[in-house]
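Novice: Take this structure, written in structure tokens, and hold onto it; I'll ask about it next.
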Amino acid sequence: MDSRRLSWVVSVLALISLVCHDCTVRAGDIVHDDDSAPKKPGCENDFVLVKVQTWVDGIEDAEFVGVGARFGKTIVSKEKNANQTRLTLSDPRDCCTTPKNKVAGDVIMVDRGHCKFTAKTNAAEEAGASAVLIINNQKELYKMVCEQNETDLDIKIPAVMLPQDAGASLEKLLLNGSSVSVQLYSPRRPIVDIAEVFLWLMAVGTILCASYWSAWSAREAVIEQDKLLKDSADEILDTEAMGTTGVVDINTTSAVLFVVIASCFLVLLYKLMSFWFVELLVVLFCIGGIEGLQTCLVALLARWFKGTAESYIKVPFFGAVSYLTLAVSPSCIAFAVVWAVYRNVSFAWIGQDILGIALIITVLQLVHVPNLKVGTVLLSCAFLYDIFWVFVSKKLFHESVMIVVARGDKSGEDGIPMLLKIPRIFDPWGGYSIIGFGDILLPGLLIAFSLRYDWLANKNLRAGYFLWAMIAYGFGLLITYVALNLMDGHGQPALLYIVPFTLGTFLTLGRKRGDLKVLWTRGEPERPCPHIQFQHCDESHVEK
């Protein structure tokens, strides 16, 4: 790989790592409790999304989603316990006074405005309605709360708000004389969805594959270097003259700068988030995905097509490119283009995950943490970055910047593409479980370093650091999902849990085994020079 392509991959690493680390945002989350709308007796329901299934002239029709009020009777959670009830328009439409028309036992539909939400619901209850649908005057949903001085809160019927477009559709049907019935229920999410299990396996498997590839490449480079040193006999070679492996080592300065650049880029995304900005991110993601997929395929196929993998041709702008790379590139480009065109279809997440995983594996192969010191600085900075932009940013921007960017709010798109995602198969509300690239890449850099060290030190799995770092990462990610469910689906910064487990395990084991000094400074064990019998390499020849 030439220096220009290498620089591009490193640039992609910067981009995708900055965009989003938060792994626990779920599309279509139920609206839960809200501390800004305090509870009091008669007004203490949690805010929940409500499914409003409709039937028109006895035939099942559209399903709308509303939000339940803080007051009134709670909505049943199971569809089988929800009654199918006739829908009636209120007269007057605002329902600020008792309706003139007969609504006994019906679900009554009213317009928002002119009086309090509780006054509308009380008027509907006095008329004998079984529930009230309040139509918002905007396309968004609004949380219906009680005012501070309200006392008439002994309400026995449920109140649900629907967005303006849903109300317009139902109103049109009713004014045309159609018979409309509705069913109101608020199904609960499963405690654990199979999507989270597969996402966990995907993240752990990606780091596993990338680490072994990185360690194998490092060992091959060492073997090649030893062979050259043996062949040179007593002649001392300049290691830089032997060629470059195309690997970029991160230093402490770049690790700290990561947080600054990441923060600036995240704010830029937050401020400029729009349809066209997401389209630009899609293009960048496709370019990076093509590079990653191509690199992985060439590495896999090179074993069977060694001749074409080692034969090169000079291509303008790209430099020397192998014939094998030229052969697989059209397929990679076609794959990325097809995904970009059809990325909004239900199965497009498969293509996004393939491109994303290939890109992550390639970056972990080409970008290395040279020692534990750099790894500690990088993960510590990322740890603080994650906490600040998920939690602290709410105080400055009145919403979590990280979560807004991850969901793609204000863009009209279903989130940014720099995520691995799996649909929540058994969730009645649908949506996706997602994990940001940074939550795999950043810990993956340290875990890949651990395996490289183990192999160079000839340590087995139990005596090495890789197995325990891998277990710590998997456990930290598992705790993230537990926290997600305990927090009622509110976004969680994954690195808040992953970094202490992964980094803490590595540092503790290193200190206990007496390897901490070598891990912290050199990052690789001392090796005897192969061309000098019974003598170790001079320190200046082996230190980076």
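Backbone N, Cα and C atoms are what each Cβ position is placed from, and that goes for glycine too.
Per TrEMBL, domain 'PA' is recorded for 93-170. According to TrEMBL, the signal peptide annotation covers 1-27. Residues or ranges marked as transmembrane segment in TrEMBL: 197-215, 250-270, 276-305, 317-341, 347-367, 374-392, 429-451, 463-484, 490-509.
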Novice: Hey, which of 197-215, 276-305, 347-367, 490-509 has the most Cβ-Cβ pairs under 8 Å against the transmembrane segment (374-392)?
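Specialist: Looking only at 197-215, 276-305, 347-367, 490-509, the most contacts with the transmembrane segment (374-392) come from 490-509.
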Novice: If you count Cβ pairs under 8 Å, which stretch among 250-270, 429-451, 463-484 touches the transmembrane segment (347-367) the most?
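Specialist: Ranking 250-270, 429-451, 463-484 by Cβ pairs under 8 Å to the transmembrane segment (347-367) puts 429-451 first.
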Novice: Can the transmembrane segment (197-215) be said to touch the transmembrane segment (490-509) if we require at least 3 CB pairs below 8 Å and skip pairs under 6 apart in sequence?
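Specialist: By the criterion, they do not touch.
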Novice: What counts of helix, strand and coil residues does DSSP assign across the domain 'PA' (93-170)?
Specialist: 17 helix, 14 strand, 47 coil
Novice: Between the transmembrane segment (317-341) and the transmembrane segment (429-451), are there three or more CB pairs that fall under 8 A, provided the residues in each pair are separated by 6 or more in sequence?
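Specialist: They are not in contact.
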